[in-house]
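Trainee: Quick one: the structure is below, questions incoming.
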Amino acid sequence: MIEVLLVTICLAAFPYQGSSIILESGNVNDYEVIYPRKVTALPKGAVQPKYEDAMQYELKVNGEPVVLHLEKNKGLFSKDYSETHYSPDGRKITTNPPVEDHCYYHGRIENDADSTASISACNGLKGHFKLQGETYLIEPLKLSDSEAHAVFKFENVEKEDEAPKMCGVTQNWESYEPIKKASQSNLTPEHQRYIELFLVVDHGMFMKYNGNSDKIRRRIHQMVNIMKEAYRYLYIDIALTGVEIWSNKDMINVQPAAPQTLDSFGEWRKTDLLNRKSHDNAQLLTSTDFNGPTIGLAYVGSMCDPKRSTAVIEDHSETDLLVAVTMAHELGHNLGIRHDTGSCSCGGYSCIMAPVISHDIAKYFSDCSYIQCWDFIMKDNPQCILNKQLRTDTVSTPVSGNELLEAGEECDCGTPGNPCCDAATCKLRPGAQCAEGLCCDQCRFMKEGTVCRRARGDDMDDYCNGISAGCPRNPFHA
């Protein structure tokens, strides 16, 4: 049985609370100071693991108490996860570091069906959570008091650059056949696909972080943690299978022209990387400022292709959440997803596949993305993402009724009387599409257009999309 850790977080009035401060996420104009106080439920004398499998945090946000449920992201790494760097004389050094007891979590806010969370507990609490449609960031304060943390809204992070940032993909979408939405409406977890992702860090990014490989590694792991959460909506699971840091020099010519860099990276992956490391998709993270407003570029509909199942990403922000969204966006192109248009809707202020980054952080894929992704998968049937290769040594026994989906679960079992979820297997019963959620009724997704959350004040209602159990936030909210 997983022991649950209860941490009570008390907000404290701080002399400089509300003033500007420089954090790892950037310059923040308004923030609250909190002090996490750990209260463990483990029996006296019990051996406490470094990072618990499941945790809860009680905290106050804007004066209101909330409970944050977190669960260790057990499928974050593949079974053969490796890390490679280069010695000063150019020798390739590859290791398989232990990642069983890692410190990356995902979760939700209690009593908020539209909430999400991605948190790193490696050195204090760092990450983000969504509460009542607002995105909050949390990270440790570098003070003599090591327990102090800052919590702040994403909107209070100063914009690093007012210039527009956008994806470099400019393909003519009208050349594609119309998508038949009806054919995609009955997807269940049995259709799930699995992507083993390999990330490469160029020499410029290595130098940007002063050669601190540990800092780069933590940043990458948290960004994949965020990506993994975003792709759950598409029934796609992501596992990080390897990281390579070009610590000595670049292995290709990384240049401001993104198309040329993407072409070179694809060739290198095909002729070098794939010969020594099995994986499904590779991304290059670079400190190079691509020409124009471009911050990322990928081939479209190319998943599993030796050269073209690739993307290049500019490390364009101090906020790992923003770079993670760019990584998720470019991977979406590899899966055949196009840029969103005005007719597409999603649960966030901005959709992940929007061609231009919005000042409102993108959190979800749109209904269009869902349909286009599975249209590509069903038509092209990319074989490399059929196999599930997650770490079996990190999977603990599922805990029924903990309101979190754990490794191997399709639904949270609860009690044997659940008509949608088999309590013995934690799998959906035959014919069931869902077991819980504001848009789940009698084990089926509610019809598109059904009101799932009434508006407050002058705001707008939220509606079910007909293809998921969650209640997506209306993109036209005030």
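In case you wondered, yes, glycine gets a Cβ from its N, Cα and C as well.
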Trainee: In Swiss-Prot, CYS440 sits in a disulfide bond; tell me which of CYS434, CYS452 is on the other end.
Mentor: CYS434
Trainee: With HIS329, HIS333 listed by Swiss-Prot as binding Zn(2+), identify the candidate in HIS316, HIS339 belonging to that site.
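Mentor: Of HIS316, HIS339, HIS339 joins HIS329, HIS333 in the Zn(2+) site that Swiss-Prot records.
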Trainee: Swiss-Prot annotation: CYS452 disulfide-bonded to which of CYS443, CYS471?
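Mentor: In Swiss-Prot, CYS452 forms its disulfide bond with CYS471.
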Trainee: In Swiss-Prot's disulfide listing, CYS384 is paired with one of CYS167, CYS304, CYS464. Which one?
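Mentor: As annotated by Swiss-Prot, the paired cysteine is CYS304.
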Trainee: Could you pull the average pLDDT for the domain 'Disintegrin' (397-478)?
Mentor: 71
Trainee: I'd like the number of other C-beta atoms within 10 A of the C-beta of CYS384 (disulfide bond), please.
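Mentor: By my count, 17.
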Trainee: Report, as a single number, how many Cβ atoms besides its own are within 10 Å of the Cβ of CYS346 (disulfide bond).
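Mentor: By my count, 26.
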Trainee: Of all the disulfide-bonded residues given, CYS304, CYS344, CYS351, CYS368, CYS420, which has the fewest Cβ neighbours within 10 Å once its own Cβ is left out?
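Mentor: Fewest other Cβ atoms within 10 Å, among the disulfide-bonded residues CYS304, CYS344, CYS351, CYS368, CYS420, is found for CYS304.
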Trainee: Around CYS443 (disulfide bond), which of the listed recorded positions (HIS333, CYS434, CYS471) come within 10 Å, judging by Cα atoms?
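Mentor: Within 10 Å of CYS443 (disulfide bond): CYS434.
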